[in-house]
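Enquirer: What follows is a single structure, and I will ask about it in a moment.
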Amino acid sequence: MIKSWTKKWFLILFLMASCSSYLVATTGEKYFKMATQAFKRGDYHKAVAFYKRSCNLRVGVGCTSLGSMYEDGDGVDQNITKAVFYYRRGCNLRNHLACASLGSMYEDGDGVQKNLPKAIYYYRRGCHLKGGVSCGSLGFMYFNGTGVKQNYAKALFLSKYACSLNYGISCNFVGYMYRNAKGVQKDLKKALANFKRGCHLKDGASCVSLGYMYEVGMDVKQNGEQALNLYKKGCYLKRGSGCHNVAVMYYTGKGVPKDLDKAISYYKKGCTLGFSGSCKVLEEVIGKKSDDLQDDAQNDTQDDMQ
């Protein structure tokens with residue numbers, strides 16, 4: 001029970017402020033939805049205006065979306081200074097994607113001067129906000145000793161946490177560490193489980209890693225058909241090594257009937273996705289330079305998932 005009018009008045013003011021904050025947040029979220037709808041329609045002028053309103057009403061994702069538009073020049077003139085400004089606002093408003101974007105920019109020197117301490121700072125903030133991208137990126141930095149003292153234990157811990165936050169890339173990385181005994185005791189069962197999770201989260205590299213385990217029978221029964229399907233899924237998810245492995249299976253007839261046309265088709269896709277091994281094979285097999293393959297691959301309408 002409140003024993004004095006002073007305390008009671010303070011409580012009333014607190015409740016009024018809470019209601020006001022709720023109304024502001026609700027209004028800000030409405031502007032954010034309006035901005036997103038405008039962006040999808042291609043009405044970038046309105047999108048910017050509504051994102052700004054939502055950002056000014058302290059909706060962090062509104063600030064982040066605006067930062068992304070300015071960083072990529074998506075519907076607006078590219079402006080890195082504005083991108084950093086809005087990402088900072090978004091991060092300060094506890095949007096983990098904004099923190100991750102700042103971390104990435106400072107880690108790579110993408111439009112800003114490279115600054116690893118700042119990258120680590122923003123990744124840590126994003127990870128604290130349960131952002132899988134930030135936790136995973138920080139894990140990679142600890143694994144490689146980039147801007148921090150190399151620490152496999154921290155790398156594994158952060159990567160596991162990122163995987164639990166549905167960041168598939170980190171699931172693949174955890175699997176890699178267990179499969180190859182990188183800073184941890186080799187454990188193929190754990191490797192398999194993490195590759196499966198990453199593939200389920202639509203990380204192409206995880207699907208390829210899982211496919212390899214089925215192809216060679218690593219802690220699972222060897223299964224060429226399963227390997228092929230996983231490689232195809234990796235290819236569909238834009239992983240060049242997945243396309244390449246499908247091509248190799250069709251070219252050699254390993255686990256599937258030989259099919260040179262399908263092999264060449266997948267080699268083209270692998271090359272287009274930047275997998276140099278596919279480009280090299282194509283030059284040897286059909287004598288085409290990798291630069292000449294872009295149109296061929298784009299015109300190839302074969303469904304990777306079939």
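Cβ atoms here come from the backbone N, Cα and C positions, even for glycine.
OK, Swiss-Prot features for this one:
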type     : residues  : note
DISULFID : C55-C63   : disulfide bond
DISULFID : C91-C99   : disulfide bond
DISULFID : C127-C135 : disulfide bond
DISULFID : C163-C171 : disulfide bond
DISULFID : C199-C207 : disulfide bond
DISULFID : C235-C243 : disulfide bond
DISULFID : C271-C279 : disulfide bond
REPEAT   : 28-61     : repeat 'TPR 1'
REPEAT   : 96-133    : repeat 'TPR 2'
REPEAT   : 168-205   : repeat 'TPR 3'
REPEAT   : 240-277   : repeat 'TPR 4'
SIGNAL   : 1-25      : signal peptide
Enquirer: Have a look around C99 (disulfide bond) and count the other CB atoms within 10 A of its CB, chains all included.
Expert: 29
Enquirer: Report, as numbers and ranges, every residue of the chain located at least six residues beyond the repeat 'TPR 1' (28-61) whose Cβ falls under 8 Å of a Cβ in that stretch; write 'none' if there are none.
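Expert: Same-chain residues near the repeat 'TPR 1' (28-61) but 6 or more away: 69, 74-76, 86, 89-95, 97-98.
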Enquirer: Taking DSSP states H, G and I as helix and E and B as strand, how many residues of the repeat 'TPR 2' (96-133) are helix, strand and coil?
Expert: 28 helix, 0 strand, 10 coil
Enquirer: Using C-alpha atoms only, work out the spacing between C171 (disulfide bond) and C199 (disulfide bond) and round it to an integer in Å.
Expert: 9
Enquirer: Based on DSSP, tally up the residues of the repeat 'TPR 3' (168-205) by helix, strand and coil.
Expert: 28 helix, 0 strand, 10 coil
Enquirer: Out of the disulfide-bonded residues C55, C91, C243, C271, give me the one sitting nearest to C127 (disulfide bond) by CA distance.
Expert: C91
Enquirer: Name the residues of the same chain, 6+ apart in sequence, whose Cβ is under 8 Å from the Cβ of C199 (disulfide bond)?
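Expert: Once residues fewer than 6 apart are set aside, C199 (disulfide bond) is near G168, S206, C207, L210, L230, K233, G234.
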